[in-house]
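Novice: Have a look at the structure that comes next, please.
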Amino acid sequence: MKRFVFGAVSALVLGVSAAAAADYPAKEIQGIIQWGAGGSTDTVMRSVTPHAEAVLGGTVVMQNMTGGVGAIALNHVAGQDADGYTLLMGAENPLLYKVMGLGDKDYSDFIPISILARGTPILVANPDAPFNDYAGMMAYIKEHPGELRVGATGPGGLPSVVTAMINTVEGKMNVISVPYDGDGPALTALQGGAIDVMPAVLGAAIEGIRAGKMKPLAIFDVAANPKLPDVPPVTDFNAAYSTYLPWGPFFGVFVKKGTPDDVVAKLAAAYAKGAENAEFKELMDNRGFNMLAISGAEAEAFLAKWQQGTTWLLQDAGLTKTSPEAFGIARP
Amino acid sequence: MDAVLAFLTVFTHPELLLLVGLGTFAGVYVGAIPGLSVTMAVSILISFTFSWDVHPAIALMIGIYMGGVYGGSRTAILLNIPGAPSAIATALDGYPMAKRGEAGTAIGVTTVMSFIGGFIGIGVLAVAAPFVSDFALKFQPRDYMLLAVLGILLVGSLSTGSLVKGIFAGALGIAIGAVGRDPLTFSERFTFDLPLMQGGISFIAVMIGMFGVSEALMQLHHVNKDAVRQQISRIVPSLSTVKKHLPLSVQTSAIGVLIGALPGTGGDIAALMAYDHAKRVTKNPERPFGDGAMEGLVAPETANNAAVGGAFIPMMTLGIPGDAVTAIMIGALFIHGLNPGPMLMIDQPDMFWFIVGALVMANFFMLLFGLTGIKLFTKIVEMPRSVLIPLIMLLSIVGAYAVNNSLTDVYWMLGFGFFGYFMRHYGYPLGPVILGVILSRLLDDNWRRAIISEREDLGRFFHGVFTSPLSTVLFIAVILIFVSQTPIWAKAKAKLLGGSGQGVEQ
């Protein structure tokens with residue numbers, strides 16, 4: 001009897017999930033955005049999703065769920081059914097949760113639908129700063145130890161990774177690290193003179209650079225960026241950076257692990273098509289993001305490589321709470 | 001000439017005019033419901049207007065924004081539940097008026113004053129935006145910190161009765177605001193290792209609970225009493241009333257524009273500071289503050305609507321949001337292919353003038369929708385309590401849930417509602433709690449930023465304060481306002497003037 005009930009139930013479950021996949025989406029899909037309204041992740045997701053919706057033939061209702069460096073949103077989606085009706089729209093941060101002690105879940109509990117794009121970091125300074133490039137900044141730090149104020153966005157944020165990279169390559173910098181809520185407020189503070197230097201994503205700084213409100217010191221990449229061809233890549237100053245570059249924050253859409261394969265395939269196809277939209281591509285280009293639009297094994301490999309490189313960099317800089325080794329993340 | 005044409009875009013395109021009107025109308029009602037915020041409405045609109053042109057999309061958003069900021073005052077006056085954080089101060093004097101049957105007058109004055117405040121804000125945006133944004137950028141972390149301290153001192157004006165109880169309430173608010181992961185280092189504070197507490201306590205849930213649920217519980221005390229009949233003969237305030245309050249409204253609008261233009265502070269703080277200012281400068285209110293003083297309505301309502309124009313100043317000139325709503329609008333501009341930033345005014349000045357035009361139109365619509373339909377609204381308070389109390393509870397629950405679509409917030413809201421009821425019962429004012437929650441992060445983050453920037457050296461910190469004229473002025477204001485609330489001041493004043501002393505000006 002027990003066996004029969006079990007069989008009946010599992011048949012029912014299988015039947016339901018098969019039906020769910022065939023006519024997916026049968027209801028509204030929830031899109032949980034990890035970051036606040038108006039931020040980069042929010043803008044990217046709200047621009048690509050309508051194009052994906054058109055392919056999918058359904059609606060994705062997006063809402064912002066902020067807090068805990070995105071962990072609140074991640075845990076929320078992880079707590080929903082793995083039926084493809086709740087999407088996580090996030091950035092790179094979750095890959096650092098484990099080593100930073102921010103949570104016990106990361107993207108390994110999810111399936112990537114699409115890793116949409118990657119950003120490029122750039123080092124910018126207040127226009128009145130007494131140096132004009134990366135070499136000048138390093139010389140200034142040596143002459144004035146403990147004077148330069150560098151913006152930060154908390155452990156695991158882009159500035160902390162870039163700073164860790166500089167510390168690893170050049171030896172520990174003696175600077176003051178001033179924490180802000182995000183790169184928006186920090187770049188505002190930079191223009192007001194509250195901080196002198198800020199590592200930011202290119203897209204957030206580009207308009208300020210164009211207007212002369214901040215000056216670029218170096219692009220954190222192995223080659224100059226077509227958006228700012230006159231700004232030298234940091235590898236021009238110190239070739240040792242090429243070990244860690246190219247590196248950058250990224251945006252992606254995810255579903256919980258266990259979501260039926262055909263639902264994943266449907267979503268991945270929709271977002272891949274959506275990311276090809278000309279308007280979306282132009283928007284991403286304007287903001288200085290490199291399009292990736294990868295999914296499946298390629299996306300998994302990208303995530304694994306990113307996590308390895310970044311967590312070990314932070315580990316070597318002494319910024320982690322737990323060694324990546326403890327979570328089975330091998331040294332690259 | 002191009003500027004004039006761009007400014008007139010809204011007026012010459014009927015569909016844009018209609019969208020601004022529609023937005024404003026929707027905004028008034030969205031704003032009036034606690035928990036349904038303008039921020040939420042505008043972020044939903046981003047997806048909704050995705051395929052539209054940029055002009056209609058922005059026109060609709062601006063309407064919602066303007067209407068929503070005003071709409072928060074409706075429920076504050078009628079039910080003592082602020083529809084939005086920026087209407088908290090409005091409830092302090094608006095609700096006592098409604099209890100006396102003067103809800104119509106209160107709403108009328110609020111509407112006209114919001115209109116005036118809105119115009120001053122838009123005027124400053126149109127005329128002096130680059131100048132104001134340069135000034136706003138000058139604010140360093142230590143200045144934000146001093147501003148927050150100045151805000152904390154408002155506890156004195158927001159507490160009726162015992163100051164000690166007011167200070168307790170304010171401190172409680174600051175503690176509530178600190179719960180969760182610290183945004184600067186991500187370490188947990190006051191979370192007791194509960195995952196539930198990591199995200200912090202939703203400030204809107206606290207506000208709705210403390211005002212909404214506790215009000216419903218208070219009403220239960222006299223569930224059998226008849227509701228107050230509202231006189232609605234005089235809705236539009238007389239010209240002499242407007243004239244009388246014009247000087248105050250100009251001052252409080254100035255506060256609103258500046259606080260609104262500062263990235264990191266918005267209409268909520270502006271309204272509370274304006275209320276405090278009104279209390280200081282009004283020598284002889286017709287009725288005492290907290291008991292239905294007209295000035296107590298004029299000040300916050302002019303300030304929060306002036307803050308709308310203020311919030312657009314850094315957005316249009318620098319691409320830096322002045323508040324949460326303008327942050328979303330920047331995202332909207334990106335999505336529609338514009339590049340908001342310092343170059344927007346130079347590359348596309350017509351967008352600036354279009355927004356100014358849309359704001360002007362929204363302000364007129366706000367006046368129109370504000371002054372009509374009051375009769376219907378006042379009927380709400382005339383409803384029997386057996387209908388009204390469940391209605392308040394329903395609104396509170398829906399509102400708290402809607403903020404984050406989270407049931408946890410509803411529990412927080414109910415918990416704080418019961419707690420708020422007992423606080424009121426024992427004479428603890430609720431305003432300072434909300435003030436504390438609003439200012440908690442501003443104070444904490446900026447104090448830490450300021451002291452870290454000075455290598456954690458107090459000497460260097462004070463050197464910084466006294467070498468910057470802005471910080472010096474703020475510091476002196478803090479000292480003066482603090483001293484003016486102590487008995488020493490009253491004694492000194494009595495000795496010096498030999499008469500009855502009045503409060504100092506800010």
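Yeah, the Cβs are placed from backbone N, Cα and C, and that goes for glycine too.
The following feature annotations were taken from TrEMBL:
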- B:17-435: domain 'DUF112' (DOMAIN)
- B:16-46: transmembrane segment (TRANSMEM)
- B:103-132: transmembrane segment (TRANSMEM)
- B:144-176: transmembrane segment (TRANSMEM)
- B:196-217: transmembrane segment (TRANSMEM)
- B:320-339: transmembrane segment (TRANSMEM)
- B:351-374: transmembrane segment (TRANSMEM)
- B:386-404: transmembrane segment (TRANSMEM)
- B:410-440: transmembrane segment (TRANSMEM)
- B:461-483: transmembrane segment (TRANSMEM)
Novice: Per the 3+ Cβ pairs under 8 Å rule, pairs at least 6 apart in sequence, do the transmembrane segment (B:386-404) and the transmembrane segment (B:320-339) touch?
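Specialist: Stretch pair does not touch.
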Novice: Which sequence positions outside the transmembrane segment (B:351-374), separated from its termini by at least 6 residues, show Cβ-Cβ distances below 8 Å to it?
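Specialist: Contacts with the transmembrane segment (B:351-374): 2-4, 6-11, 16-17, 20-21, 23-25, 28, 54-55, 58-59, 62-63, 65-67, 70, 104, 107-108, 110-112, 114-115, 118-119, 122, 125-126, 129, 232, 235-236, 305, 308-309, 312, 316, 333, 338, 344-345.
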Novice: Determine the mean pLDDT over the domain 'DUF112' (B:17-435), rounding to the nearest whole number.
Specialist: 88
Novice: For the transmembrane segment (B:461-483), which recorded stretch in the set B:16-46, B:144-176, B:196-217, B:320-339, B:410-440 gives the largest number of Cβ pairs separated by under 8 Å?
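Specialist: Out of the listed stretches, B:144-176 contacts the transmembrane segment (B:461-483) most.
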Novice: Within the same chain, where does the transmembrane segment (B:410-440) have neighbours whose Cβ lies under 8 angstroms from its own Cβ atoms, ignoring anything closer than 6 residues to its ends? I mean 6 or more beyond.
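Specialist: Contacts with the transmembrane segment (B:410-440): 85, 88-89, 92, 148, 151-152, 154-155, 158-162, 165-178, 201-203, 205-214, 216-218, 268-269, 272, 396-397, 400-401.
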Novice: Taking the transmembrane segment (B:320-339) as the first stretch and the transmembrane segment (B:16-46) as the second, find out whether 3 or more Cβ pairs fall under 8 Å, excluding pairs closer than 6 in sequence.
Specialist: yes
Novice: Answer with yes or no whether the transmembrane segment (B:16-46) touches the transmembrane segment (B:196-217) by the criterion of at least three Cβ pairs under 8 A, sequence separation 6 or more.
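Specialist: Taking Cβ pairs at least 6 residues apart, the transmembrane segment (B:16-46) and the transmembrane segment (B:196-217) are in contact, with 3 or more under 8 Å.
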Novice: Who are the chain neighbours of the transmembrane segment (B:144-176) in space, where the CB to CB distance is under 8 Å and they lie at least 6 residues beyond its ends?
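Specialist: Long-range Cβ neighbours of the transmembrane segment (B:144-176): 89, 92, 190, 201, 203, 206, 262, 264-265, 269, 272-273, 275-276, 279-280, 289-290, 423, 426-440, 442-443, 446-447, 450, 465, 471, 474-475, 477-478, 481-482, 485.
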Novice: Same chain only, please: residues at least 6 beyond the ends of the transmembrane segment (B:16-46) with a C-beta under 8 Å from a C-beta of the stretch. Say none if there are none.
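Specialist: Residues 9-10, 55-57, 59-72, 74-75, 81-84, 204, 207-208, 211-212, 324-325, 328-329, 331-332, 335, 358, 361-362, 365-366, 369-370, 395-396, 398-403 contact the transmembrane segment (B:16-46) from elsewhere in the chain.
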